[in-house]
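S.K.: Just lifted these from TrEMBL, have a look:
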TRANSMEM  20-39  transmembrane segment
DOMAIN    83-227  domain 'Flavodoxin-like'
BINDING   89-94, 141-144, 176-185, Asp211  FMN binding site
DOMAIN    282-524  domain 'FAD-binding FR-type'
BINDING   Arg301, Thr538, Ser599, Arg600, Lys605, Lys606, Tyr607, Val608, Thr609, Asp642  NADP(+) binding site
BINDING   Arg457, Tyr458, Tyr459, Ser460, Thr475, Ala476, Val477, Tyr481, Gly491, Val492, Ala493, Thr494, Trp680  FAD binding site
Amino acid sequence: MENSEGVKIESTVVTEEPLISALDIALFVVIITVAYFWYFKRDKQSSSSEKKPYTIQPSSLSSIEQTSNSSFIKKLKSTGRSLVVFYGSQTGTAEEFAGRIAKEGARYKMKGMVADPEECDMADLVEMKEIQKSLAIFCIATYGEGDPTDNAMDFYEWLQNGDADLEGLNYAVFGLGNKTYEHYNEIAIYIDQRLEELGATRVHEIGLGDDDANIEDDFVSWKEKLWESVCSHYGIEETGEESNIRQYKLVDCSEVLPERIFSGEISRLKSYENQRFPFDVKNPYLSKIAVNRELHKSGDRSCMHIEFDIDGSKMRYDTGDHVAVYPKNSSELVDIIGELLNADLDAVFSLLNTDEESSKKHPFPCPCTYRTALTYYLDITSNPRTHIMKELIEYASDPKDQEKLKLMASSTPEGKQEFHEWILRDNRNIVHILEDLPSVKPDLDHLCELLPRLQCRYYSISSSPKVYPKSIHITAVLVNYTTSTNRVNKGVATNLLAQLIPTNDELPQPTIPIYIRRSQFRLPPKSQTPIIMIGPGTGLAPFRGFIQERDYARKEGREIGEMVLYFGCRKKDEDFIYENELQEYVANGTLTKLHLAFSRDQPEKKYVTHLLEQNADELWNIIGEKSGHLYVCGDARSMAKDVHSIIVKVVMEKGQMTNSQALNYVKKMEQQKRYSADVWS
């Protein structure tokens, strides 16, 4: 007990006894001795544990297991394989392509495995030369503005920063990209070149898939030539054996307890009932819909303003980020599949990987019911790829249906044409195919194995966390269109969102799983930096957040720079979204200028690009003379390209530069993050 009396006693003792007694010295020596032996014994144990891991502690066992699992070389050697196919995938397509290549390896006496680089020690690539006739193939997507996918980021950085000797490594690369984006297949091209620089041998030239055209056609054409190169390089021949071998086997789970059955969770069982922070792609947050209102004033189209409640979730976002929404398929389409295949959709099943060494035990969370799989886990509304046509052939009892499927599965010009017209042009999904080819009755478990995973949908966040820290806003156009077969195709996510209308407080509010994806689409660090924003239609979404943030700063008394917005829509009285908000920001001085283009309010169509050309002086004043920032959001295929061309032209004319100088100027703007694009095709 510390008090004034205690201090007096201590003071008296000090004056009556020596500063350090013999007993104090003895105790000090004992403490030092014990500490010395404890430290060096611990150090010795630590050193020995590096040589021989503990085998009695669960944590050490876990560590050993992780090391073993990350060594793909050990798996190749222990299972007699020589082919490994790595994938860098954001939406699942690259992973699907990797699986198809590994599966086909059997036809060339190359037993293969699929590997996620994020789960592997990629430094083991130096040991590939120890395996006879080995081959590493990389199916790599380029994501965002020339970025690696999340699961390929570590591998990409390892290649950038390392100098491993990869002599003896045989490889091939297929890239997945989109030509409407500036950094088309940039990551795949880099990996292909970097592997060669490190001494690896390219067995086949890089393939570049374009998702804006027909990436399936690009992949199939490249794959066929790949195997020709493989046969030539290794002196082997195709066995001629078909590779239609099931990757997963069906397991009856009718006896599984209800609490062990997945019901739509992305990864962790019962994760929606027992929510745990942090929330991410594998653990989304079940958010309440706080607001869902129509933005269009009239017309036959719909645009929704939706607010997700994140209060209490600990989720944080920055202006310009994206929110990922996990949709579910229409129950109507799911029921049609059940009826067409005469299947019990409520039967509980599991698909178990026949490859016991694979780290991917199931194609989606299992066990679950067929209804759950078709509703939450499988994509039943997109156009199926050609390999699905091939797998369906054996289930067709009508020779005409068989021949049609064989034709579309082939790589002949006639087959490609038929696939393009019947599947892509007519926008048929798996439901339509089963309806139009009535003799095709695949086993439902096999169909579940073949269909790709249902992916989350990303939306630009149209709010600022400074103003709305407890909610996330999005701006989404309802997708509905009629195909050439007179069917109405509906957007999976937007049609689900359209049904989630908040009710009064007495009833449970509708919910949907979400998580936040970080973006590089950012306001300048200094609030006084002038900016130009170009966002027609729902391209306005992130700029609504930008304007809110600058308005917040202005109200705090901080100086804000010029804010110029270019917005366009069809008709002022129909689809001028957030009109009142924007006019208010103009009135209070936050928004310096608002340039509007209503394309169908006059005989000749008028777009934001026309306004940009007319305001060349203002444009150069901000990006050239004042070193301001320029932002583009919206359609990548035409609008963003046209804007880029106009910017280059203005820099040439107003900056008095040659075409080459202007291109370099704009390129430097991009590198400095002064020219940013958040676009989609």
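Using N, Cα and C of the backbone, Cβ positions are placed for all residues, glycine too.
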S.K.: Measuring Cα to Cα, how far is Gly491 (FAD binding site) from Tyr181 (FMN binding site) in Å?
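M.R.: Per the Cα atoms, Gly491 (FAD binding site) and Tyr181 (FMN binding site) stand 23 Å apart.
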S.K.: What are the DSSP helix/strand/coil residue counts across the domain 'Flavodoxin-like' (83-227)?
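M.R.: Here the numbers are 65 helix, 35 strand, 45 coil.
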S.K.: Can you tell me which of the binding-site residues Arg301, Arg457, Ala493, Ser599, Tyr607 is spatially closest to Gly92 (FMN binding site)? Compare CA atoms only.
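M.R.: For Gly92 (FMN binding site), the spatially nearest of the binding-site residues is Arg457.
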S.K.: Find the one among the binding-site residues Gly144, Tyr181, Tyr184 whose C-alpha lies closest to that of Tyr459 (FAD binding site).
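M.R.: Nearest in space to Tyr459 (FAD binding site), counting only the binding-site residues, is Gly144.
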S.K.: Find the shortest Cα-Cα separation between Arg457 (FAD binding site) and the binding-site residues Ala141, Tyr184, Arg301, and name the residue that gives it.
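M.R.: Checking each of Ala141, Tyr184, Arg301 against Arg457 (FAD binding site), the shortest Cα distance is to Ala141.
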S.K.: Which of the binding-site residues Tyr181, Thr475, Val477 has its Cα nearest to the Cα of Arg301 (NADP(+) binding site)?
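M.R.: That would be Val477, the closest of Tyr181, Thr475, Val477 to Arg301 (NADP(+) binding site).
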S.K.: Just to verify a number: CA distance, Ala141 (FMN binding site) to Trp680 (FAD binding site), in angstrom, no decimals.
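M.R.: Answer for this pair: 16 Å between alpha carbons.
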S.K.: Give the number of CB atoms, excluding that of Ala141 (FMN binding site) itself, located within 10 Å of its CB.
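M.R.: For Ala141 (FMN binding site), the count of other Cβ atoms within 10 Å is 30.
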S.K.: Of Val477, Ala493, Lys605, Tyr607, Thr609, which is closest to Tyr181 (FMN binding site) if I measure between C-alpha atoms? They're all binding-site residues.
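M.R.: Comparing Cα positions, the candidate nearest Tyr181 (FMN binding site) turns out to be Thr609.
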S.K.: Could you tell me the C-alpha distance between Val477 (FAD binding site) and Tyr184 (FMN binding site) in angstrom, no decimals?
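M.R.: Val477 (FAD binding site) and Tyr184 (FMN binding site) have their Cα atoms 27 Å apart.
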